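Take a look at the structure below.
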Amino acid sequence: KEACVEENIYIEKYVEATQRGNGLPGNAIKTYKYNALTFLPLNLFEQFKRAANLYFLALLILQIIPQITTLPWYTTLVPLVLVLGITAIKDLVDDLIGKSVSNCHFFQTSFLESKWMNIEVGDVVRLNKNDHIPADILLLSSSNPNSLCYVETAELDGETNLKFKMGLKETDERLQEESQLAQFDAMIVCEEPNNRLDKFTGTMHWRRDRFPLNLDNMILRGCRVRNTDVCHGLVIFAGADTKIMRNGGKTRFKRTKIDELMNYMVYTIFVMLVLLCAGLAIGNSFWYAEIGSKAWYLYDGLNQSASYRGFLSFWGYIIVLNTMVPISLYVSVEVIRLGQSKFINWDLQMYYREKDTPAKARTTTLNEQLGQIEYIFSDKTGTLTQNIMAFKKCTIAGQTFGEKRWFTIQPVDFSWNKYADRKFEYQDHSLVACIRSGKNKEALEFFKLLSLCHTVMVEQNENDELVYQAASPDEGALVTAARNFGFVFLSRTQDTITVSELDQKNTYEMLALLDFNSDRKRMSIILRFPDGRIRLYCKGADTVIYERLSPNSRYKEVTQTALDIFANETLRTLCLCYKDISKEEYDSWAAKHKAASVSTGNREAALDQVYEQIENNLMMIGATAIEDKLQDGVPETIAKLAKADIKIWVLTGDKKETAENIGFSCHLLDDDMQIHYGEDRRRLRLKRLGRRPASSVPQDATQPIDDWEKEMRQVDFVNMACECEAVICCRVTPKQKANVVSLVKKYKDAVTLSIGDGANDVNMIKTADIGVGISGQEGMQAVMSSDYAFAQFRYLERLLLVHGRWSYIRMCKFLRYFFFKNFAFTLVHFWYSFFSGFSAQIAYEDWFITLYNVMYTSLPVLLVGLLDQDVNDKLSQKFPKLYLPGQQGALFNYKNFFISLFHGIFTSLVIFFIPYGAFLQTMGQDGEAPSDYQSLAVVMASSLILTVNLQISLETSYWTFVNCFAVLCSIAIFFGIMFDIHSAGIHVIFPSTFTFTGVASNTLRQPYLWLTIILTVGISLLPVICIEFLSKTIWPSVGDKVRPTAAEKKKPAPFQRGRASRRSAYAFSHSRGYADLIASGRSIRRRPNVPYLSLSLSLGWYEGSEWASCSKVNSLLNMIKRIIDAHFKNTVQMVVGLAGAVCLALSVV
């Protein structure tokens, strides 16, 4: 979506083409999804495409049917409305943010007034300085010399540095005046509208001639005119056909493994629900046939068969047990993910102060996947290195320069050069002396090539200093080096380049520019010298240059030796060469080049073929070596990630020796490793199979004969590579980077992460499960295509080992508990059905069912999902092995799901049958017997709320004031609301809705019912406590081992004088974390006596109650108090002790 344009933008329209419109789309664009009329219906339609929402809508419809419903309609309506409302508000906010305004206008006497929406293909428009560009426009002329127009492309690619666009020389010379523009009658033949921001192919037919058009001649919608007073252009694409709008399509939606697993589990729950309801319906049929039809007091006046009643009972139980499918699960998950994303954005330890760049989570759906990464694919330049290039060495005519002499103390003084860049440093004084002497012709030709063969643009700042705008840091470094050695690039036009050669200014006519791309790996320029000579200069990778050298070229072997030395020093190399061209040869080639440049079909391939015809028989001059230093902390980060069993692959376009040495310098490789190269792959495969390679066996260099062989080679490559500790892929193109990532995803089913900083990494970033962009020297394309972004590679360690691991653990704990609490809540209805004739009667009060997931149990589990930590961030980074459970998916899988299921079944059994047994043949102290259904429902509900809230307390590893408040507040809200809706006052107002009048106050004043609740809660929690104790004692996890280790290291040495000791138990975990962002205050762990104080207060309250008259209870409580005083010093022991006391209470009862 476009950024909002609210300022006055001035656009003028002057002349319309003869076929204006002609079925082509206009420039009006609607970037918002909703308006005031369509928001509600359209948003609801989209939300009900989700299976869960549609399921609950069907339940709501079923609840309206009197013959089926056993629950009031509001029990489903209230949660459904909350879920739909929260989602609708989020969608509306997103839509308002993306809404744009594009109907701006300006009036000028000579041009017609127009709004953006009225511009159409074929219009000629005038743009002024700082105007937003309203469509994709062919630049015709500008007020700058040579038809240059500077544009800011931040909304397209995120880059803030200015780009230059250039109109054709012919249009710039002939279309400056308004009368000339009015007579412009060219025909443009171009490609179909597409989303390629880096490519445009077209041909202009005008005045019986054809002119090639490319991206340099286009200014695209979304850009902004800068440093150019006026420019004119012809609208080529408008509205939805513009490239920025074509890029507005849907990006591939990435989903986490937990998302997929969660959906399958919801489907499993739904199948279980159908089977349960079918079984209960069959039970109802048999019960009615055997008992119900024969009991006169159950006759309802409806002559329905047993099977028909069973059919109605099936739908009734679908309604009653609907909470097994959690409606609020997806909303809760989104809230947790949003909070985790904010914590990443707020992390000051991932903030890069030098560039004022914080970390940014650009998505909220992948946080827990950060804790499951198995493979990292990293670019080298700008990702592992700084991408700040420095010219260090060179070889010229077989002689190497740049070695630091032992007697050299000061760097070279360039004060003799008035154009020198003061930041440039060089150590070898002999190269400067060689150039200034003028005797070494090859050295002069070497730097002349660097000053001429490039696409750099030059400007002058306020101090009249030259400022170079380079497409890549490499090119900028080479032109700057030539500048300091006396060959200064001064200016360029469309067909000339002016340089100062040792204070002598020369202008060269540029005949052709053969630009660089990732397939060619070279660039060339053809120049006519002032004396009439025609020469081609070329620079590129050694692999492509050596293939095109003349057999008579000198210095090939010595240059290759120097290149190998440079590569071993991890320097980036380029070969430089030239070729003299005769006028006849150039004229013949120029005709072919003109024909290829205006071809409408596959122009790039045609141009490449023409380029090959001229780029041959080259003569070697030498090679350059540029240094790109490693970023801070890269070796340490790679070492930590390797200890976390994360495989790191480096994908780079550099040559093998450079890539290998970078691998050693960043500790990806070490001397103990055995290195295997790609050419050894077949031999290694045969060695694994136990076979000896035959000399006649063809090597892998041959092309696969069919798809099966191609797939086998892919599988073999992935299997071999994944057995290695580290992999470095060199000489790879951007497309090959993406292919490597997709192969590992396809054949290993592994969670992958790609990290890069440039446009050549975008495909790799989008292909991986998680893409990380680094905001470096190559613009913001990688960041804008990424899921997470930051400024330095070293922050990847914290992103994965801290945020990723915490997010995974929190989400897994949240889901396990969420499923458990819903099973424990819902299955009570199942056990109750055996005592209610399978009549689909509910076991709780209506409003309890409505508010259970919304108010009574939502807050504590949300806070666990947001704030919980098993260990703090320092220990997470210190012990990388803590990351392993996430890679193995050990904390949330079908095993954990069924454990939650059986835990919920056990809890529901206890919550139903203990109160049921307590209500059989009971009598209160006042002679009353509160054995009715409503009192039973209150006791079961109270037991359930206490159990699930205490259960989440046991699950909590990191306690803060907020967690404690949430648990206590949830329990308090339950009792407060229950007493309110059971009051007589609300019953008088709504007699049919609130029917449990006075039940809560009547039930909870009975001491033995409180004892029943305590007994139920204790028995529900006791197995959990015992299992946790045994698992942490006998089968401790990595985290369980780390916590005591950290605690032991903090203890002071024994008999140490003059130092205060401090005991700290891990009952409530460890140091402070992100809770500071939520609330301030001291942590509960600093007050280990709080539970004991709470018990004392409870006993004080007890002394004034009716229970004080029971001697057995008195003796039991005194015994509990003595046990606690004697043995239990922290909260974990307190919980275990209370559970044991409950068992003693059971024996007393």
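From the backbone N, Cα and C atoms, a Cβ is placed for every residue, glycine too.
Here's what TrEMBL has on this protein:
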type: ACT_SITE; residues: Asp379; note: active site, 4-aspartylphosphate intermediate
type: BINDING; residues: Asp379, Lys380, Thr381, Glu475, Phe516, Lys539, Arg572, Thr652, Gly653, Asp654, Arg731, Lys737, Asn760, Asp761; note: ATP binding site
type: BINDING; residues: Asp379, Thr381, Asp757, Asp761; note: Mg(2+) binding site
type: DOMAIN; residues: 21-77; note: domain 'P-type ATPase N-terminal'
type: DOMAIN; residues: 783-1037; note: domain 'P-type ATPase C-terminal'
type: TRANSMEM; residues: 74-93; note: transmembrane segment
type: TRANSMEM; residues: 264-288; note: transmembrane segment
type: TRANSMEM; residues: 308-333; note: transmembrane segment
type: TRANSMEM; residues: 814-835; note: transmembrane segment
type: TRANSMEM; residues: 847-867; note: transmembrane segment
type: TRANSMEM; residues: 897-921; note: transmembrane segment
type: TRANSMEM; residues: 933-952; note: transmembrane segment
type: TRANSMEM; residues: 964-990; note: transmembrane segment
type: TRANSMEM; residues: 1010-1031; note: transmembrane segment
type: TRANSMEM; residues: 1131-1148; note: transmembrane segment
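TrEMBL feature annotations superimposed on the structure.
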{"residue": "Asp379", "record": "active site, 4-aspartylphosphate intermediate", "contacts (Cβ under 8 Å, 6+ apart)": "Val650, Leu651, Thr652, Lys737, Ile755, Gly756, Asp757, Gly758, Asn760, Asp761, Met764"}
{"residue": "Thr381", "record": "ATP binding site", "contacts (Cβ under 8 Å, 6+ apart)": "Asn387, Arg572, Asp628, Thr652, Gly653, Asp654, Asp757, Gly758"}
{"residue": "Phe516", "record": "ATP binding site", "contacts (Cβ under 8 Å, 6+ apart)": "Thr455, Arg522, Met523, Gly540"}
{"residue": "Arg731", "record": "ATP binding site", "contacts (Cβ under 8 Å, 6+ apart)": "Thr543, Gly653, Asp654, Lys655, Lys656"}
Other C-beta atoms within 10 angstroms of the C-beta of Asp761 (Mg(2+) binding site) total 31
If you count the other Cβ atoms within 10 Å of each Cβ, which of the binding-site residues Arg572, Asp757, Asn760 comes out on top? Asp757
Ten-angstrom check, please: count other Cβ atoms within 10 Å of the Cβ of Gly653 (ATP binding site), all chains counted. 22
